[in-house]
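These features come from Swiss-Prot:
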type: ACT_SITE; residues: Cys457; note: active site, cysteine persulfide intermediate
type: BINDING; residues: Leu183, Ile184, Lys265, Gly287, Gln296; note: ATP binding site
type: DISULFID; residues: Cys344-Cys457; note: disulfide bond
type: DOMAIN; residues: 61-165; note: domain 'THUMP'
type: DOMAIN; residues: 405-483; note: domain 'Rhodanese'
Amino acid sequence: MKFIVKPHPEIFVKSESVRKRFTKILESNIRIIVKARTQGVAVFNRRDHIEVTSNSDTYYAEVLEILTTTPGIQQVLEVQQSSFTDLHNIYEQVLELNRANLENKTFVVRAKRRGKHDFTSIELERYVGGGLNQAIASAKVKLINPDVTVQVEVVDELLNQVIARHKGLGGFPLGTQEDVLSLISGGFDSGVSSYLHIKRGSKVHYCFFNLGGPAHEIGVKQTAYYLWQKYGSSAKVRFIAIDFAPVVAEILEKIDDGQMGVVLKRMFMRTAGMVAEKFGIQALVTGEALGQVSSQTLTNLRHIDNVTDTLILRPLINWDKEDIIRLAREIGTEDFAKTMPEFCGVISKSPTVKAVKEKLEEEEAKFDFALLDQVVYNARQIDIRDIGKESLEKAPEVELVNSAEEGNAVVLDIRSPDEEDESPLEIVGVEVKHLPFYKLATQFGDLDQSKTYLLYCSRGVMSRLQALYLQEQGFNNVKVYRP
């Protein structure tokens, strides 16, 4: 197994020193994730590309997923490796692989060579190119701007040929930009805005203002954990949960109805700014889009920004909602967002779309700002890698079982449809049902509640989180299946 990783082109327009630093960080990021999720896979930095190789194809699918979801990669070339006897044997193998693709096309052969051979790279290109030109009557050699470039690499006694090209995420390697703190709610907007900053190379830490109790926090943790695991697991990031119920209660009691929405957002930004300063984070990220709700007019956004010196980034400011949802679908956060309740919109019945500074300050004079210090002091922060462990510690009643032999038990495979199709779960003598995790909130109650359900996922994190969530909803017939 061999992959050639092409870094994003923006990296190569940097100065030589910056380019080297970025590619070194990209190499390190790939190595960290590969080491955590595979065995026997090596990563090499080759100046203008990175090679990922193994003597086995065991982790082919896992490595390909890693490379196509790691920021900073433009393209992943899949390479077929084979042995060869001589120059003519190389030509025969190249012809076999490329014949169909070269019909009625112009082409050029580009070769690279490492090791001791009785031919040069130029001789290899000419021999293979001439042979292809003779063997495929409709093909024609064209050295400049051909339809197809046939890439051939010879390393010692191995022939490497590109057999597939996979699109990468683009962007910059994670950690090449400064850290940001994302105000995550679990909805469409905050998930997409977090992803965009991961893609651009920032380590994204998560700040969650809890307005909806334990079930809401569990749902948001699932979203944050998914984003980290899928796109940013080379980085150590924090998840900070703040119980904002006391602040909301104070607003409901003391603030004029029309000002509540803007005041709440100002309290969010004040508090998040305090958290960012505590951890040395340079900017806040929100999912706000211009005009999407009443608090997101230019006037209101300006008043919201003015309460903190911390930079506020809004990557979705000019996005249409359907574009946000489409990207959420592409990156895998849509299903989380669809089942996430919205709490912010209920606190103001007649929100102002054009707040006045003096009126806001008059209303906020009634507010006990000591509450903000209190909620920051009481905030809980965890390493995002420990979300699975925390869910287990906080819910010891969620039983883990490694056998599905209970007579009344059904194994409930909660993986996504793609995962289930790729690796179906089959257990002899045991009923297995498939219900994706994102449908549990709405469809678990429709199942036969006289049975016990053993929740299964690949790594055991999502199943524990979902079991905890279901128990919060009053379902006590759930366990976690870890064979």
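Quick reminder: no glycine exception, Cβ is built from N, Cα and C everywhere.
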Local Cβ density at Gln296 (ATP binding site) - other Cβ atoms counted within 10 Å: 21
Recorded positions (Leu183, Ile184, Lys265, Cys457), the one with most neighbouring Cβ atoms at 10 Å: Ile184
The residue listed as 'active site, cysteine persulfide intermediate' and Lys265 (ATP binding site), distance between Cα atoms, whole Å: 37
Cα-Cα distance linking Gly287 (ATP binding site) and Cys457 (active site, cysteine persulfide intermediate), given in Å to the nearest integer: 29
Under 8 Å by Cβ from Gly287 (ATP binding site), counting only residues of that chain that are 6 or more apart: Leu183, Ser185, Gly187, Phe188, Asp189, Ser190, Gly191, Val192, Ser193, Arg314, Leu316, Ile324
DSSP three-state assignment for Leu183 (ATP binding site): strand
Across the domain 'THUMP' (61-165), average pLDDT on the 0 to 100 scale: 94
For the domain 'Rhodanese' (405-483), residues assigned helix / strand / coil by DSSP: 28 helix, 17 strand, 34 coil
